[in-house]
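Visitor: Sending over a structure as structure tokens; questions will come in a sec.
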């Protein structure tokens, strides 16, 4: 329903803090969506047709439809049986509220509302998730043949067919034919009726619950009552406008998740509410819930509103966003070079992405130093718990600082002196974070002082950038840690939560804190690590502004929303000291934007800066002319004030600089003078008539060097065991390459169940040979298509039910049998080494009908002696040749991402989905004993760079290796001549 990512159908090219982010070549949901069945006027002013396109390419005319409220409540709209059912249910809810005793109304309607909310977010969410991934609703319609004309004799439900046809054609009298419409569109129309029922009951039960909880608080003044009702009505009206405007923009097509079923051949501009906020249907579109909570004056309504809102965000994150990314943001097609030479000529030359230097370069001590002004590849990010690395000085320092701050906070009493101490510490940390960091960035912008300092001592700009990131990150953590400590010291646990507005203040404060956290996450998602740490102050690399994420709607989200949490702390503590800290933080943040960010952005991007963001544009359009003029006067006043302050600071800068230089010199001299150092087995009951001897599995794959072949002649076995076994025919070892597809041939009786399936397991997973008791964890493939409401289980089916004549059935009863082939690849494999088997299961259950021969998945470990040549120089070509087939297997041999040559770049999906890089990391560790991070594989970008990195890592670690190539493991005294 929400089209949050569709709001930027046309993007501006100007703005403030969108810092030179990498531009994604893919398009958002706005490229092919929205507004399907709305009337679109052509150049002659006539209504033009809207065309839909099904996944199989069928093009059809999308008729115009109307929203559910109009269809239900307007007498002019045609009604059908489904409308009557919805109206009767709504009337039943109202009568139920009237009939219940006073003490039972609140709990019963709370349960009723939660039921409908669960049906919305969990029920509809489950249907949409499966429709997106497996086309489940379409497959149900195809299986039941409910949309097939009974005249063909194939529809087993002719009465149901006629009833659905009458219902749908009654609602859509024009441009619609039930018999001619594609099955996707008819399925969507039926799905709409279910959505209408759930949404109407959801909203009605919520309003009735609010009525049941509504009351007049004791001793509430008339003024407070008027303010409460006025604010509530304003929020409800705003919510109503958001819904109506959103429906005006996206129409029924997006309102009812039409793109889960088909797409619209149309690209339109999104405006109105979609310029104001991200995902307006799920964010500001729930403002009315809080307005109703105010009018009801009930914390019960408020808390259930928060639960509903949180469930809606979960629906967005788990259902809608994955579908949006899959449908509208696929990875761009990879750029293939015509020749290897062309490919090699475009290799990156960044420091963090080496290009296999020549031996002469490699022997030069400083050959790897590069003073490139290009930003380094993001390999080892700082932000996020998943990036925490205690081996890194910055991370360990941050952990120690936080441990120290919070330990002192917890172990000291909350006396006035300690409270003052923590408030002063928080104020100093904030001043350093805004003023100190701002001073460094301003000088970096003007004179590159930070980078020059490191270059002066022989370091690279990349080293300066890394040191800056650590400094900024530590300053930010110290600022917020000290603020939290000060808030904790000033906070007093309420003696009575029901007194006055205590509970309301805590709820609102927690909401503001959550808003700041969400804003920070959104900013980081939009800017990335490079923009978060102000990378364009350090690297001037073809600056180009892009506006995505939260920056579509706000130029500087950190100006207001980014500090909502500090004001939330003010509400929770009701402390003057915390209010002072919040005010100080806000003033310093605004000054930082005005005196540091804005001048740099104007210098870097010039006239391309955007004056008004989407939210401001929407508000300006709705303002009367007099208020627009007032807005311009206020802006001029603020600009004049900031110019005066800036001139004053410019005049005072020489004196301040002289004082700071004197202080630094004195301090440096002082330090130089005084240095200081269950699994449930589902047994099928209909096994009668099936003989397990009629089932068989055979396995084929890309052979690899077996363990026995690689370890023979080591002299560890007894004399009789040193000769290799004579393995021929069916006794030959099955050892396959890591990640290579496994082809399975199966045979079964002709009357075998169409729901049979084959799963992949470790040999040690199951002790029983008759029943599988361990989950396959998605590593299974159905033997026949269409047997399951799941597309994933059909990936890998090559052939099914190929009849094999009895003449080919040697040594068994002469009768025909069915056979087929499937392939296990990609996510259906175990991405590790070990011994595995395949199991054929009966009728969707876990009864085992056949088990394949065990086979081994193995990665051959590289012999160091084979990869070392004269002068202890690793032969990179050997490493490249060993890596290339493994990397191709790790990338599922997908031509869009798997390289054909060592110079060809990896596909963009490798950067999006971390599983591919992690597979390569495991293989490299097993082959060469080198442990790399997944980010390194992404940054290297091709096999040649990865091989170069492995060879250099081997050289660095060679002195610590225990291999024979590095001499004896225990140094011996050289014999004297």
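In case you wondered, yes, glycine gets a Cβ from its N, Cα and C as well.
Owing to the predicted nature of the structure, the values given are computational and were not obtained by experimental measurement.
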Visitor: Same side of the membrane for residue 275 and residue 505, as recorded in Swiss-Prot?
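Guide: Taking the topological domain names from Swiss-Prot at face value, residue 275 sits across the membrane from residue 505.
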Visitor: Out of 555-575, 576-596, 597-617, which range is noted as transmembrane segment by Swiss-Prot?
Guide: 576-596
Visitor: Can you check which of 355-377, 447-469, 470-492, 631-653 Swiss-Prot lists as transmembrane segment?
Guide: 470-492
Visitor: Checking feature assignment: transmembrane segment per Swiss-Prot, candidates 108-128, 129-149, 150-170. Which range matches?
Guide: 108-128
Visitor: Examine the ranges 251-271, 398-418, 671-691, 692-712 and name the one recorded by Swiss-Prot as transmembrane segment.
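Guide: Swiss-Prot lists transmembrane segment for residues 398-418.
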Visitor: Going along the chain, which residues at least six beyond the ends of the transmembrane segment (398-418) come within the CB cut-off of under 8 Å?
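Guide: Distal contacts: 388, 390, 473-474, 477-478, 481-482, 485, 488-490.
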Visitor: By a Cβ-Cβ criterion of under 8 Å, what residues six or more beyond either terminus of the transmembrane segment (507-527) are in contact with it?
Guide: 17-19, 21, 278, 299, 302, 306, 383, 548-551, 557-558, 561-572
Visitor: When you scan the chain for residues with a C-beta under 8 Å from the transmembrane segment (420-440), skipping those not six or more beyond its ends, what do you find?
Guide: 409, 449-450, 468, 471-472, 475-476, 478-479, 481-483, 485-486, 489-490, 577, 580-581, 584-585, 588-589, 591-592, 595-596
Visitor: Given pairs 6 or more apart, does the transmembrane segment (222-242) have at least three Cβ pairs under 8 Å with the transmembrane segment (276-296)?
Guide: yes
Visitor: When the pLDDT values for the topological domain 'Lumenal' (1-83) are averaged, what is the result?
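Guide: On average, pLDDT over the topological domain 'Lumenal' (1-83) sits at 59.
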Visitor: For the transmembrane segment (299-319) and the transmembrane segment (84-104), decide whether they are in contact, meaning at least 3 CB pairs lie under 8 A, counting pairs 6 or more apart in sequence.
Guide: no
Visitor: Taking a Cβ cut-off under 8 Å, which residues six or more beyond the ends of the transmembrane segment (470-492) line up next to it in the same chain?
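Guide: Counting only partners 6 or more residues beyond its ends, the transmembrane segment (470-492) has Cβ contacts under 8 Å with 382-383, 393-394, 397-398, 401-402, 405-406, 408-409, 414, 418-419, 422-423, 425-426, 428-430, 432-433, 436-437, 440, 533-534, 566, 569, 572-573, 575, 577-578, 581, 585.
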